[in-house]
Amino acid sequence: MINNNWKYNLTIITLLIFITELATDIYVPSLPRIASAFNTSEYKVMLTVSINLIGLSLSGLLYGPLSDAIGRKKVLLLGITIFCFSSLFCIYVSTIELIVFWRLLQGIGGGASVTVGLATISDIYKGNERAKMMSRLNMVVAFSPVLGPIIGSQIAAYDNRWYLPLAIIPSLAFPVLLLLITLFKETLTQTNIGINFNNIKASFKEVLSNKNFICYLLIQSLTFGWLWADIVNLPFIFIKDMNVPTEHYGYYIIANVTVYIIGIVANQKLVQFKGPEKMILYGIVLILFSGISLTFATIYFTLTAYIVLLLKLPAAIGVGFTLGNASALSLMQITNYGTASAIIGSTEMLLGSLGIKIISYLYNGTILPLSILVVVFSLISLLIFQKIKSPTV
């Protein structure tokens with residue numbers, strides 16, 4: 001049982017993660033509209049998403065060890081303040097290049113939420129309780145970017161100004177920044193340690209030398225890799241190429257999210273009997289099956305949005321099985337939670353950016369490049385899973 005101070009912390013962390021993750025792609029349904037408004041290419045518009053993920057990934061590497069050294073709250077205040085003001089400036093731009101610049105800074109600031117948030121959870125919870133909370137927190141991490149396009153599609157459907165979805169973010173972020181300032185309590189028991197670069201180097205070395213940690217890290221990061229490619233690619237496939245009305249796009253996402261939540265709930269029940277390692281394996285197999293089915297269907301049939309959605313559903317369940325368990329198991333391997341959380345968050349975002357980059361180059365008006373990416377990343381995950389020392393499967 002945790003005290004009320006920690007309950008405030010958990011609420012604030014959850015809200016911060018929700019908002020910073022929502023910011024990554026709430027405007028994704030408006031990407032075709034942004035390309036038209038600034039008379040630019042799909043590649044440049046997709047860059048506004050991938051550059052944000054790069055900012056998230058790079059800043060996370062700093063925030064983790066910094067929060068271990070000077071405390072969680074100070075680092076959160078630094079990052080979220082940057083996030084709030086850059087989010088505001090994103091809507092007052094005249095060129096696509098300025099959007100890219102402010103989106104980069106937005107990502108750099110937002111990186112504090114997931115990195116320090118995971119470390120905060122590790123400060124408060126231990127053992128199986130930590131695994132459960134990590135699963136719930138990862139549900140927020142995975143659910144928020146999926147919820148973003150749902151909200152963004154409804155805004156875009158009723159108002160054609162491209163920047164309105166982006167304007168939602170600062171209106172949510174500034175009030176939570178106020179809560180962070182007034183209600184968040186420091187969870188790091190050993191405070192005022194100070195910054196010691198030798199300690200930071202030693203911490204990174206300890207974490208990165210743990211082979212099981214690396215395996216679980218890569219499995220969840222590869223999952224995020226194809227997930228982000230999927231999130232950014234689908235609006236062009238559904239809205240532009242399959243002529244799905246913008247206001248209907250969100251409904252397809254809702255169906256996918258519903259199945260993902262079913263996967264999360266099923267995982268929380270099954271993990272008690274099967275164990276987290278087996279659930280990760282089941283998840284990877286489901287994602288692989290979905291990718292292979294979608295690849296063959298794209299090659300041999302003319303697909304509609306409904307068929308694409310149906311073939312994607314096993315992958316949604318697989319994600320629910322994979323992410324929370326891989327995150328929890330990776331953190332169980334080490335003791336430097338801040339550094340480990342930084343590496344986890346950074347690698348996830350870096351692979352997400354890579355996935356978007358690959359899809360932006362290979363985009364051909366069909367879902368085939370995405371389905372092949374899912375297959376390749378899933379096969380790599382299976383190979384990595386076999387390298388885990390003594391998995392209980």
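Using the three backbone atoms N, Cα and C, a Cβ is placed for every residue, glycine included.
Note that this is a predicted model, so its numbers are computed, not measured.
Some features that TrEMBL has for this protein:
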- 9-389: domain 'Major facilitator superfamily (MFS) profile' (DOMAIN)
- 12-31: transmembrane segment (TRANSMEM)
- 43-63: transmembrane segment (TRANSMEM)
- 75-94: transmembrane segment (TRANSMEM)
- 100-125: transmembrane segment (TRANSMEM)
- 137-156: transmembrane segment (TRANSMEM)
- 162-184: transmembrane segment (TRANSMEM)
- 213-229: transmembrane segment (TRANSMEM)
- 249-267: transmembrane segment (TRANSMEM)
- 279-301: transmembrane segment (TRANSMEM)
- 307-328: transmembrane segment (TRANSMEM)
- 340-361: transmembrane segment (TRANSMEM)
- 367-385: transmembrane segment (TRANSMEM)
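By the Cβ criterion (distance under 8 Å, sequence gap of 6 or more), the transmembrane segment (162-184) is not counted as touching the transmembrane segment (279-301), fewer than 3 such pairs being found. Between the transmembrane segment (307-328) and the transmembrane segment (213-229), the number of CB pairs under 8 angstroms, six or more residues apart, is three or more, so the stretches are in contact. Here the transmembrane segment (249-267) has Cβ contacts under 8 Å with residues 29, 135, 139, 142-143, 146-147, 149-154, 234-235, 238-239, 279, 283, 305, 309, 312-313, 316-321, 324-325 of the same chain, all six or more residues outside its ends. If one looks beyond the transmembrane segment (367-385) by at least 6 residues along the same chain, the residues whose Cβ comes under 8 Å of a Cβ in the stretch are 215, 218-219, 222-223, 225-226, 229-230, 233, 237, 280-281, 284-285, 287-288, 290-292, 294-295, 298-299, 303, 308, 315, 355, 358-359, 391.
For the transmembrane segment (100-125), the list of distant contacts is 2, 6, 9-10, 13-14, 16-17, 19-21, 23-24, 44, 47-49, 51-60, 63-64, 67-68, 72, 75-76, 78-84, 86-87, 89-90, 93, 133-134, 137, 141, 187-189, 327, 331, 337-338, 341-342, 344-346, 349: same-chain residues at least six beyond its ends, Cβ to Cβ under 8 Å. Taken together, the residues of the domain 'Major facilitator superfamily (MFS) profile' (9-389) have an average pLDDT of 88.
Highest Cβ pair count under 8 Å relative to the transmembrane segment (340-361), across stretches 12-31, 43-63, 213-229, 279-301: 43-63. A Cβ distance under 8 Å defines the sequence-distant neighbours of the transmembrane segment (213-229), meaning residues of its chain 6+ beyond its ends; these are 49, 53, 142, 145, 207, 280, 284, 287, 291, 319, 322-323, 326-327, 329-330, 333-334, 340, 343-344, 347-356, 358-359, 370, 373-374, 377-378, 380-381, 384-385, 387-388. Of the two recorded stretches, the transmembrane segment (43-63) does not lie close to the transmembrane segment (279-301), with fewer than three CB pairs under 8 Å once pairs fewer than 6 apart in sequence are set aside.
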